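Structure first, then comments.
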Amino acid sequence: MFGLNVVKRQEPPKWGSFLIYPGCIALSLCISCLLLAAQGKPALEGMVMLWQGAFGAWYAFEDTLLKTVPIFLCSLGVAVTFRMQVWNIGAEGQFALGAVGATWAVLTFPNLPGWQLMPIMFLSSAVAGCAWGLIPAYLKLRLKVNEIITTLMLNYIGILILQFLVYGPWKAKASFGFPMTEEFPSAAVVAAIPGTRLHWGVAVCVVAAVILTIFLSRSRLGFELKASGESLGAARYARMPYGFLVMLVMGLCGALAGWAGMLETSAVVGRLQPSIMVGYGYTAIVVAWLARLKPWAIGLAAVFLAALRVGTENLMLELQVPAAFGHIMEGLILVTVIAGQFFMNYSIRLGSAEVSK
Amino acid sequence: MSPELLIPLLAAAVQSGTPVLYATLGEMFTERSGILNLGVEGMMVVGALAAFLTAKFTGSPWLGLLAGGMAASALGGIHALVCLEFLGNQTVSGLALTILGAGLADYLGTPYIGQNAPGFYAFDMPVLSAIPFIGPIFFKHDALVYISFLAPLAFWFFWHRTRTGMALTAAGEYPKAAAAAGLNPVRLRWIGILVGGFLIGMGGAYLSLAYTHLWTNGMSAGRGWIAVALVIFAFWRPGRAVFGAYLFGGVMAFQLRLQATGTNLPSSLLLMLPYALTIFVLLLSAMRGKGKSSAAPAALGVNIEPEG
């Protein structure tokens, strides 16, 4: 690289992630500053506003945590599929289908009490999201159809299904032409944790993360999953159930993303409307890669990217910066981190090439 | 269907297939050198914006086209830097590029939403446009469409009859052997990304300068992803890419026309057609390709590890 000698490391350096990740993020923040300056906005003040918008007050931090929930759930699922080198880009569509599934339950059983309706909603959103994840898994296994493209196309289709329903058959009578369903009855709303604006979906995140961590590190299937990701050939040789594992991770991701969609619809918005689709599924990919697919790190990265979104909203209000600024920052962070991971795996030696093994 | 209805529809298919064709050929160019670039969607929309702004402020659509190609190529340069120099994961880098490109185009383009720019306009090709049936379908378009007719032939010639073309293929098939033969596969892949990126940018420029003459956010609407799928569908061969692109153009044009005639079908269901067709087309090529060895370049998506 650039005439320097690149040497593969035997193992990543201990200091690596403490130096590289903050460095990459700092670099991407610097570039974002330049972009702000290029539009004639105060760059450093902008960064302060970003921080204050996300962490400046308890109220702001609650917003951040609320946005963490869907990002975290989607990312958890995405990370599990990435572990198997299954490139599932479909969390966005699975999120949409989850929201649709939950709304179907609410509209079908409007008079059930909460303790009956809530489990049905959890189930229907998981089933809908899961189904949306299993289609590309099946096509990949059966016909070797590239899952990157099928999951992506199913994102577009999933969002259009959601739109079709809220513009058409599910549109509320008193919506004055706005595309939205009736407001959910209180039995269908995931309640807030007393004393906060956070809803009990936070607990779902914690439980899901704990169960998944145990599953990945302690169970036989979890081990096989990791092994198949690292070497497909070896896994096949050891007669690991590759096909089953692909279906499992895709279904799991779909169910988790589906729950994210359900929680967003039920607890945050209180009805189904197209504006729930704000790209959490794509942010989940950034989070998963940032966290190197580890569940605990996904928690941290999800809070970080949720903070970025909330902070950007503050920036939109204060400096009239378009919402797309947040997406640029997400893209920049991902790019710098992918490049930065180079230094985890390789070291650079100056001077002439000496044979080193 | 009567010719009065069929001819305009087919002509529209050619027109709306053209941006997809440019993007498909660009991605094919990159992939043939061994690099998987999933940033097409982002590069296309950045190309569309750069082309629009340049044409708007210089008044020249040709300069706009150049700027669109160069902007997408520059964005591709990030992909090249990440994958070729920093040995990053090609799949994730491409996704990052799409997120970054879409964000950049939205951010920089928002002040210009709904504004117009000078662009390319249709003119009749002398003699050829007079041919019955063929003429009105293929030869009553703008200059970029005519250029796109020549592109697949040029590609075929480049890949099969020129040294650089064959060297690029070697970098995509077996970079180690290419290096042993005295070629520089990393540099060849840089060329693959940058030139492919320029073509992808031309596809984007077509959207803002010829297909429409104005700027709106999210112009590419998944066309970049469709192009990635079409490369697979085309088995990495330019001739089949033309067929695939016009098929998509046809479905998009058909869907628009159906909406315009005020059908009872809801628009969201019609809008699904191109995306559903993408999946269907992939299914079709998967079934056709079954049993055969994969048509993909052997080293597609595999980074070149440094020696030592």
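Going from the start of the chain as shown, residues are counted 1 onward.
Backbone N, Cα and C atoms are what each Cβ position is placed from, and that goes for glycine too.
Unlike curated records, TrEMBL annotations are generated automatically.
Residues or ranges marked as transmembrane segment in TrEMBL: B:6-23 (among others).
Per TrEMBL, the feature transmembrane segment maps to B:35-55 (among others).
Marked as transmembrane segment by TrEMBL: B:61-82 (among others).
Residues or ranges marked as transmembrane segment in TrEMBL: B:94-114 (among others). For the transmembrane segment (B:94-114), the residues of the chain that approach it from at least six positions outside its boundaries are 36-46, 48-49, 52-53, 56, 75-76, 78-79, 82, 214-219, 224, judged by C-beta separation under 8 angstroms.
According to TrEMBL, the transmembrane segment annotation covers B:143-159 (among others).
Among the features that TrEMBL reports, transmembrane segment is placed at B:190-212 (among others). If you look at the transmembrane segment (B:190-212), the same-chain residues 6 or more away from its ends with a CB under 8 A from one of its CBs are 15-16, 18-23, 25-35, 37, 40, 43-52, 55, 61, 64-65, 67-77, 79-80, 84, 117, 119-121, 142, 144-145, 151, 164, 168, 171-172, 219-220, 223-224, 227.
The transmembrane segment feature in TrEMBL is assigned to B:224-248 (among others). Same-chain residues lying 6+ beyond the ends of the transmembrane segment (B:224-248) with a Cβ under 8 Å from its Cβ atoms: 13-14, 16-18, 20-21, 23-28, 31-32, 38-45, 98, 151-152, 155-156, 200, 203, 274-275, 277-278, 281-282, 284-285, 289, 295-297.
Annotation comment: TrEMBL describes B:268-287 (among others) as transmembrane segment.
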